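Asker: Pasting the relevant annotations from TrEMBL:
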REGION    1-75  region 'Disordered'
COMPBIAS  18-29  compositional bias 'Polar residues'
BINDING   191, 240, 241, 242, 243, 244, 245, 246, 247, 306, 307  ATP binding site
DOMAIN    400-536  domain 'Pan3 C-terminal knob'
COILED    408-446  coiled coil
REGION    447-540  region 'Knob domain'
Ligand SMILES: Nc1ncnc2c1ncn2[C@@H]1O[C@H](COP(=O)(O)OP(=O)(O)OP(=O)(O)O)[C@@H](O)[C@H]1O
């Protein structure tokens, strides 16, 4: 694929024409916040970008991670303190798995991977988010009637090979990819709507309005552009990537496989019923989203189980915002139309809660039966909120009013969020110390046992460096009374912390042959380390 030309002038106000792809993308239009940069992230106005182009993510090396520490009750008391220095194993594992997901590299076509464009606008390294042909196809009755049926992709080369059923939400075939951005090296999700022709240039400008909305429960929209890079005319919406995200559909509508009961050793079915506390949490988060979106004069139009991402325990974010506003664009839409979409949002939230409470997408087809089941399983309070949502629209039925109805449940959510913030802050403070110590260890690595430096083979063994060497032995090569190596992490951590803080406390350093013995303060050793490091880094 050839280089992407720079933005041209002549588009509608607020737009910059998209990059052309191999000369095919003549009619491409895009809202592009990066229009002042070329395809390598270099500024077209002359200033060089500070970002290097991350071509291939490095291979993952799990040896770089430490193994989880043994359970606290198995530890010697003086090893216990080392627990205080690290994130909890479960937190660490979760974060490591997310990082792994961000770094997943595409499988090349010669190894069975799909044929995808190498570069798309300012994105590269596309990795499909779904397996080929995967789709959560539902009966035609559940396909959203708001959108036109997909145009037959006659001229499509089916480069992606990923097309499955048309999305039951958007009506068009869609495919999603994780991709890396050449401008900032970050991962994003590209959602491609296949076989879509932009009939009104104005339609894509609405993406700019969505881009300005930043809300913790919305998957942020970055930009949208049209492209022919897949061999058809597609429109691509770019969203933030949330590694390992699932959807409410995947979590609560897809039956879970039976699991082995630890006590009996038998296979047991897994209950799908959602706790009421969790349902309230979803309801509160999505109500806040709607209040925010409606206050911007927009409507979500995609409150649907497969369009609500779950990014960690009970944390949800509304996905795919702005797509309907573009693909079902109505140039004559007025305030009344927006209000009608906003009323639909509340109705769809009610339907979503019914589907979740009954663990079935079909539950909304028979509301009386589903409400009966809800009143058996959940509180009257919950059922009343659902009834209000699925009931007739009225002027006072707004997202703000819903917020007032949820008052005490919003207070519960605030408490949980504060507890979680405390937990994360304590994890963060533990790791903060470690970053400090790693920098110190790097300095030791630079200095100790350094081969010939400054034409002096004994540089690292003499002067200030000798003190550092003795201190290194004291910290890492300590032995107990019987001469056995002392493998004690807390001994290392407390010594390094005192050194880093430059404590006035004194320590006795003895050479290996016990011939020399120095009593020095940590502050003096710190000065030696600084001096030796300055010596090394000074330009010669
Ligand atoms: N922004 C995102 N960040 C991370 N993962 C995402 C993101 N958006 C979607 N995904 C993942 O991609 C998968 C597919 O999403 P998609 O919205 O296409 O679901 P779908 O059920 O196939 O819907 P549709 O019927 O519209 O095709 C989801 O299961 C989700 O795990």
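Backbone N, Cα and C atoms are what each Cβ position is placed from, and that goes for glycine too.
Small disclaimer: the values here were computed from a predicted structure and weren't measured.
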Asker: In the same chain, which residue numbers or ranges, 6 or more beyond the ends of the coiled coil (408-446), come under 8 angstroms Cβ to Cβ?
Answerer: 84-88, 91, 277, 280-281, 283-285, 288, 468, 472, 493, 496-497, 499-500, 529, 533, 536
Asker: Using a Cβ-Cβ cut-off under 8 angstroms and a sequence gap of six or more, which residues of the chain neighbour residue 307 (ATP binding site)?
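Answerer: Non-local contacts for residue 307 (ATP binding site): 169, 247, 318, 319, 320.
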Asker: Treating G and I as helix alongside H, and B as strand alongside E, what does DSSP give for the domain 'Pan3 C-terminal knob' (400-536) in helix, strand and coil?
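Answerer: Split by secondary structure, the domain 'Pan3 C-terminal knob' (400-536) comes out as 91 helix, 14 strand, 32 coil.
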Asker: Tell me whether residue 191 (ATP binding site) sits in a helix, a strand or coil according to DSSP.
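Answerer: In the DSSP reduction, residue 191 (ATP binding site) maps to strand.
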Asker: Which of the three DSSP-derived classes (helix, strand, coil) applies to residue 245 (ATP binding site)?
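Answerer: In the DSSP reduction, residue 245 (ATP binding site) maps to coil.
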Asker: Roughly how wide, in whole Å, is the group 191, 240, 241, 242, 243, 244, 245, 246, 247, 306, 307 that binds ATP, by largest Cα to Cα distance?
Answerer: 17
